[in-house]
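The structure under discussion appears below in the form of structure tokens.
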Amino acid sequence: MSTVTITDLARENVRNLTPYQSARRLGGNGDVWLNANEYPTAVEFQLTQQTLNRYPECQPKVVIENYAQYAGVKPEQVLVSRGADEGIELLIRAFCEPGKDAILYCPPTYGMYSVSAETIGVECRTVPTLDNWQLDLQGISDKLDGVKVVYVCSPNNPTGQLINPQDFRTLLELTRGKAIVVADEAYIEFCPQASLAGWLAEYPHLAILRTLSKAFALAGLRCGFTLANEEVINLLMKVIAPYPLSTPVADIAAQALSPQGIVAMRERVAQIITEREYLIAALKEIPCVEQVFDSETNYILARFKASSAVFKSLWDQGIILRDQNKQPSLSGCLRITVGTREESQCVIDALRAEQV
């Protein structure tokens, strides 16, 4: 009887899988971390719940109610999970049959849609965006057969722009009765007028992903939300873990979503937008920067001369950016998280010193 290695025992799709390269996984030794779109400083919270001997609620009532009120939806339309990343995976697990169904997404965009599908053994189809990074609706229409979930990130990571709302409507009409459309609104707090939350009544197949990692400054909490109609939420509840949120996470999330927590978040957003405009203006004057793209988020995408050399030079100086060269249509591009004024100045000074 022949023996097999542990790796041989693993599923073939897992053996072939390239894991998502998160900012932390990519490493680096820096003082200026501008590669993960985090808020630059920590927000303090005190735990109020000490019942750590008991299992938590699956869907903590106060968290759900606070988020529903904030988002302008009913509590029955909210699911809380371990980051929006878990929401991405739950939607695939609930709606896609491995080896039969597919998801569709439009690169350049967030990398977890493909990783989540590939892990489960669900086909990934891609329709690259147009030159202006808007949706190729004809291309999507041509590839929809067999697709159960379509992911659209708006504002899009890493490009920073909003998807045209009329294109969203067209996509929702194309997919009606065929597939779930997922609007990933991880960065919507920086442009709240563009949220699709008000469209849920009109489109039963729309789902929206949200997070506390960006504007709420709680990336370390791992707390995200899916907004959808009750029928979708009930299906997701069948596949979510029994205790997705620990008691301390639920405690802090509820505080962050209190009226005063929302006010504080909006103050942070205003500060980041001011800093973003300062950094954009400065980048446009730097010789090694070829192009700075408009942003509706807390990060800036820019195209550089000799971007790999620039990236490494700043890395060696302890300034960690995110290289986007491998993404479709993003040759020469680096993504810069908007940090503090001091961090912005470090980036500006380092880039001005580049001889390329």
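Numbers here mean position along the shown chain, with the first residue as 1.
For all residues, glycine too, the Cβ spot is worked out from N, Cα and C.
The following features are taken from Swiss-Prot:
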MOD_RES   Lys214  N6-(pyridoxal phosphate)lysine
DSSP three-state assignment (helix, strand or coil) for Lys214 (N6-(pyridoxal phosphate)lysine): coil
Cβ-Cβ distance under 8 Å to Lys214 (N6-(pyridoxal phosphate)lysine), same chain, at least six residues away: Asn37, Glu38, Tyr39, Ala186, Tyr187, Glu189, Phe190, Asn298
